[in-house]
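Peer 1: Got a structure for you, written out below as structure tokens; questions coming shortly.
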Amino acid sequence: MRECISIHIGQAGIQVGNACWELYCLEHGIQPDGQMPGDKTVGGGDDAFNTFFSETGAGKHVPRAVFVDLEPTVIDEVRTGTYRQLFHPEQLISGKEDAANNFARGHYTIGKEIVDLCLDRIRKLADNCTGLQGFLVFNAVGGGTGSGLGSLLLERLSVDYGKKSKLGFTVYPSPQVSTSVVEPYNSVLSTHSLLEHTDVAVLLDNEAIYDICRRSLDIERPTYTNLNRLVSQVISSLTASLRFDGALNVDVTEFQTNLVPYPRIHFMLSSYAPVISAEKAYHEQLSVAEITNSAFEPSSMMAKCDPRHGKYMACCLMYRGDVVPKDVNAAVATIKTKRTIQFVDWCPTGFKCGINYQPPTVVPGGDLAKVQRAVCMISNSTSVAEVFSRIDHKFDLMYAKRAFVHWYVGEGMEEGEFSEAREDLAALEKDYEEVGAESAEGEDDEGDDY
């Protein structure tokens, strides 16, 4: 089996996790108490969904997941929520004291007390797997727990499970909407370790997803539940090929191979189509070509950056539902002829496609319409650098005055770590610049940079 373990860290990670597991359960027909009436092989079996769920002797399906937070309120919602019977109580780990939006607390003082417990739980899950494929890590980098404890866990996972791939779904601070003053610090410090310790990171941004909800779903005031349900569709599409049998299956390690040209350039944009409300879907027939085009629209990107300002290095298109390879090839051929969608000149093919025959499932009472086919795109584009330069600029403004730095130093960090992380990100921006440059020009001035 090719199992995946999901690790949900901090409030954002846990709430996205709730939406994902709710959706997985609906997709597989697993009830909130873990029973699965449709499963013929009780107590084991090699069904495709066993990559995400382990099965007890009594036929109960338990998610291969760990939820961690440094304070109890968010995890208590899981403990008392609809799906409380789904999880083993040991999978829900909460501390007593918050990271207080402080990377250093999450990474050093408070985080290090809980990290060994988390690793024990993860080890138990890993021992339960026959062929662990990798980890899916969900967190946000603006707060304290997601950034600090998230980085710490990733560093420790690299030590304990060196070769296993780690896929991150990371919520980055938005350009306008901010939830905390020290977001830029936490993000820069956290990205520093994401660079080292994740193999692929999919960037999400609340503002971009708000706009999609407002524009495409006509929700005037989107809540986090609306956002998370949209994000969970993306994550479900990515993992569908692990959980169902399809025509063109895509493995987690395959994402890595196809999307990451250089180890540091592994930050991806994601988009999903069709995002459409039930009232509209009734009147529209969405062909493969249409949903493919709409996945490439700058407004469908789930992070605030404009792919028209950069070049694509690689794209992964995951279709699900009533889709045949012939239509996909035609749609991709059309995309390649478009002038607005530019690829770097050293990567002529640039597309990886996956097809899964399981049509997209929607949460009853949710916002998305039930459709016959959908596509999720994960793309590696040089325009992602916009996200980093935005955060770096805000970081510089604050750090020039050393504002708020004493909170971090007081928790055992050194100022050197700030400048080290900032330099690493400056190098990352430069890497993106060089990757997007025309390769013919690049040959004369190679010598100066190194």
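Easy rule for this one: first residue shown is 1, then count along the chain.
Placement of Cβ uses the backbone N, Cα and C atoms for every residue, glycine included.
So Swiss-Prot lists the following for this protein:
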type	residues	note
ACT_SITE	GLU254	active site
BINDING	GLU71	Mg(2+) binding site
MOD_RES	LYS40	N6-acetyllysine
SITE	TYR450	site 'Involved in polymerization'
Peer 1: If you count the C-beta atoms lying within 10 Å of each candidate's C-beta, which of the recorded positions GLU71, GLU254 ends up with the smallest number?
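Peer 2: Ranked by other Cβ atoms within 10 Å, the recorded positions GLU71, GLU254 bottom out at GLU254.
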Peer 1: For the residue listed as 'N6-acetyllysine' and GLU71 (Mg(2+) binding site), determine the Cα separation and express it in whole Å.
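Peer 2: A Cα-Cα distance of 40 Å.
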Peer 1: Quick one: pull the CA-CA distance for the residue listed as 'active site' versus GLU71 (Mg(2+) binding site), whole Å only.
Peer 2: 36
Peer 1: Quick one: what's DSSP say for the residue listed as 'Mg(2+) binding site', helix, strand or coil?
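Peer 2: Its secondary structure by DSSP: coil.
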Peer 1: Among all the protein chains here, how many other CB atoms are within 10 A of the CB of LYS40 (N6-acetyllysine)?
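Peer 2: 7, counting other Cβ atoms within 10 Å of LYS40 (N6-acetyllysine).
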